[in-house]
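*Asks:* I'd like to ask you about the structure that follows.
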Amino acid sequence: KEGARGGVGGGNDFQWCFSQVKGAIDEDVAEADIISTVEFNYSGELLATGDKGGRVVIFQREQESKNRPHSRGEYNVYSTFQSHEPEFDYLKSLEIEEKINKIRWLPQQNAAHFLLSTNDKTIKLWKISERDKRAEGYNLKDEDGRLRDPFRITSLRVPVLMPMDLMVEASPRRIFANAHTYHINSISVNSDHETYLSADDLRINLWHLEITDRSFNIVDIKPANMEELTEVITAAECHPHQCNVFVYSSSKGTIRLCDMRAAALCDRHTKFFEEPEDPSSRSFFSEIISSISDVKFSHSGRYMMTRDYLSVKVWDLNMENRPVETYQVHEYLRSKLCSLYENDCIFDKFECCWNGSDGAIMTGSYNNFFRMFDRNSRRDITLEASRESSKPRAMLKPRKVCTGGKRKKDEISVDSLDFNKKILHTAWHPKENVIAVAATNNLYIFQDKIN
Amino acid sequence: MAGADGDDSLYPIAVLIDELRNEDVQLRLNSIKKLSTIALALGVERTRTELLPFLTDTIYDEDEVLLALAEQLGNFTMLVGGPEYVHCLLPPLESLATVEETVVRDKAVESLRKISHEHSPVDLEVHFEPLVKRLASGDWFTSRTSACGLFSVCYPRVSSTVKAEIRQHFRTLCSDDTPMVRRAAASKLGEFAKVLELEYVKSDIISLFTALASDEQDSVRLLAVEACVSIATLLPQEDLEALVMPTLRQAAEDKSWRVRYMVADKFSELQKAVGPEITKNDLVPAFQNLLKDCEAEVRAAAANKVKEFCENLPEDSRETIIMSHILPCVKELVSDTNQHVKSALASVIMGLSTILGKDNTIEHLLPLFLAQLKDECPEVRLNIISNLDCVNEVIGIRQLSQSLLPAIVELAEDAKWRVRLAIIEYMPLLAGQLGVEFFDEKLNSLCMAWLVDHVYAIREAATCNLMKLVEKFGAEWAQNTIVPKVLGMANDPNYLHRMTTLFCINALSEACGQDITTKQMLPVVLKMSNDQVANVRFNVAKSLQKIGPVLDSNALQTEVKPVLEKLATDQDMDVKYFAQEAISVLALA
């Protein structure tokens, strides 16, 4: 039954409440402001977004204060920086967009925070650090900046560090370039904390985080003759605990799991996950809608989840022949595939994410709707990220799409869904019921309200 | 120290201090590199109380600045007042030991290790050891990884209670949550074992070693292989079997190719560390397996070690082991599917002939050499050719020469110029081993053909090669075989080839001596001064300058001088310039 009580996520009954919305309210949306990726860091204290303009914005969670009991850990801007600039490849006569395709945080290693951001071609490692002291006192200048007579220096002054207002700096630490011929779709930090992988349409490379001038090609599916190309890599991720295991998904709806212990080149997979196709539902669109747009390991490392156009599937790593769970995201679109093909929506790449305990999953849909599925109770819910319900601590009302028959009150008919409002990127706080949902140029943050 | 009145000698120091905070990294770096000058001017007291506290907090800077700072502080003891005050250097180095940049952290640790020796035993316990503990129990793994490198320097000089604490800290870090720290601990395990008392090596280190060697992350396990070498060296022979070998055997058969690669890579060290008996019983089969490994990277690493491994086998059973166990594997590697494996083998296989002696070489190794000389991969052939000297000593090169020649010719004409370049570099060596007759008959024409190669680097190398050949075979040989051909090119329609003549003359004149240079080369050079191409003309001037010292003064005055004077009035600027330069260098003005 579709969430009358709404409680999907934590096991206990609770309801999702509006917390914050970021970004301009204008109806005109600048292309550069469209959010292209959302990612919490390991502790959930920081939340990063990337946009089509190549910017990265980092939000930090406020400490809960006694004075404002209702502002439970709101996220405020911590740092904003331009990660990528538009470029032009003169050799190939190609424009390289600045759009941030993915952001991945590194496990924290000292007081500073580090993240990887990538556009189509170049991956960058950024350091975000705080500074609260400033050196004062020069020998050759006065306090107000006037130069002193160099011949009348009677004593040497060593600068003294004085406290100052907190300043957050983002500095590029490494640039990993020139390793991808095709567009990078995924980056994933390995659990050994020293390597990460990057995947494009046809190849996966393994990098050392400290070495920028070389990477190892571990998967290459490029056929000798490009006319024989039938399949591309759509996403790749490292296992959260086993540093030798990674998976990659393909446009044919299959997932390959590789073990880097077996050989230096992982062209041969160790496991191959594929659900046999149901011949009765075969159509012209079958192959397109089975293409996997995202793959994510559960935090436990036991399961992985894949998103295709109409559904989310959960796979047990020990069972290759079919998923253990399948959730329909917007089955009502099956009858509309033709028009979705014509307006290119069928190629939208929806992402998906787990909650901290792996008990619930979330993914996006159209009309600014997003879906959550509770794996234990099998309950699901459709929620909407909209300005209308964005009053502080307003409870989110479950939405329902009417599929034929008479439309009931509060239902919306399939035909009136807005396909330009799509939720592709969502993120779930690693420990709490806090979610971040990117709706075009707005970032919505919702939290639970325990009954 | 600063004087009471205005003192202009302070000015440069004042600039240095101010530039510690300059916008320009280069200037900051410059100032940091002169930190000792600043400290000297401030005196020990102010260095301790003002400069060091400031430096402790300047860890926001660029890596290169921090790296330089970490290095400087390692040599700062005298500048803070000598060993008595050396502990004042600990706070800035401690903060540098926690930055995220590995090179900086490593340098800070290196400096800390250095100054630890300047601490008195008391200071070591009062100041240094607490710092190690702080780092070891730090919140972030950067500080904990740094701690791993410091245990071994303070352990030998502290009391037994503190020693026990240090061992405990090390043990904790070996089972740290983050793989970064476990890797740091694994890589320092061998070093730490060396300073421990033998009883603790057996009780503590072995269990840590076993645990790290079966870590869930292969990046940790492979580092334990390195530690294995040091630990095995420390233990008495009778304990090795029980304490080290189970782990080593397990590593040689690890699921992860990277661990097996590490075993292959460290095989010679391991072999020395465990001694001849264990080598015979355990390492020989392990080595055979590595040579047959399913991963090419591992086979290549093992192939690289074939010669060293065989050399270090116990003498009494060396030949039997090689013939019955190693050689069969080697034979298979000759036709391996992976060219890196084959070329790794080719780079060492010739060395086996000295170990096996003449008869075995002819019977067993020669067919392998010949097969490799015909390998499809040029690198394999090159590696064989570059190591010919080993075989030459044992069986003489004649045995090989029939196969050698086609291999050389093919490499000499390879489409890749780098391959051609590589074979040219071996020509003098080959010429020496094959002898002048064989050379004249078969190889001379190749050497001349390279002179007209279309790649400059090849022509240049070919010239240099001629010089080395003349040094080997003598001036008379040069006069009969190569000088006429080189001089013949002076009339070539292609000006690049004409220039090659000049370059050859530059290279050969000294080796050929005054007689040949004056009678045969000089006339050709002088004639070329009328060349229509300016590049040729100014190279004539350069050549004359070069060969001038070989000529007698009569030739210089009567033949060289007029030509250079004429070139000095040439309409081309460069020709004039080089002619004038030659005139002044040869003192003909």
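Every residue gets a Cβ built from N, Cα and C, even glycine.
Any TrEMBL annotation is an automated prediction that lacks curation.
The structure displayed is predicted, hence computed values, not measured ones.
For B:12-50, B:166-204, B:205-243, B:244-282, B:283-320, B:326-364, B:365-403, B:404-442, B:482-520, B:521-559, B:560-589, the entry in TrEMBL reads repeat 'HEAT'. According to TrEMBL, the domain 'Phosphatase 2A Regulatory Subunit A helical' annotation covers B:89-270.
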*Asks:* Should anything in the same chain at least six residues away from the repeat 'HEAT' (B:166-204) have a Cβ under 8 Å from its Cβ atoms, list it; otherwise answer none.
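*Replies:* For the repeat 'HEAT' (B:166-204), the sequence-distant neighbours (Cβ-Cβ under 8 Å, at least 6 residues beyond its ends) are 129, 132-133, 136-137, 141, 144-149, 151-152, 154-156, 158, 211-212, 215, 217, 219-220, 223-224, 226-231, 234-235, 239, 243.
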*Asks:* Just give the helix, strand and coil counts over the repeat 'HEAT' (B:12-50), going by DSSP.
*Replies:* 33 helix, 0 strand, 6 coil
*Asks:* Excluding the flanking five residues on each side, which residues at least 6 beyond the ends of the repeat 'HEAT' (B:521-559) place their CB within less than 8 Å of a CB in that stretch?
*Replies:* 483, 487, 490, 495, 498-499, 501-503, 505-506, 508-510, 512-514, 566-567, 570, 572, 574-575, 577-579, 581-582, 585-586, 588
*Asks:* Do any residues, 6 or more residues outside the repeat 'HEAT' (B:560-589), come within under 8 Å Cβ-to-Cβ of it, and if so which ones?
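*Replies:* Answer is 522, 526, 529, 534, 537-542, 544-545, 548, 551.
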*Asks:* For the repeat 'HEAT' (B:244-282), give the DSSP counts of helix residues, strand residues and coil residues.
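*Replies:* Across the repeat 'HEAT' (B:244-282), DSSP assigns the residues as follows: 33 helix, 0 strand, 6 coil.
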*Asks:* Could you count the residues of the repeat 'HEAT' (B:166-204) that DSSP puts in helix, in strand and in coil?
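*Replies:* In the repeat 'HEAT' (B:166-204), the DSSP-based counts are 33 helix, 0 strand, 6 coil.
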*Asks:* Counting by DSSP, what is the helix, strand and coil composition of the repeat 'HEAT' (B:482-520)?
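*Replies:* So the repeat 'HEAT' (B:482-520) is made up of 35 helix, 0 strand, 4 coil.
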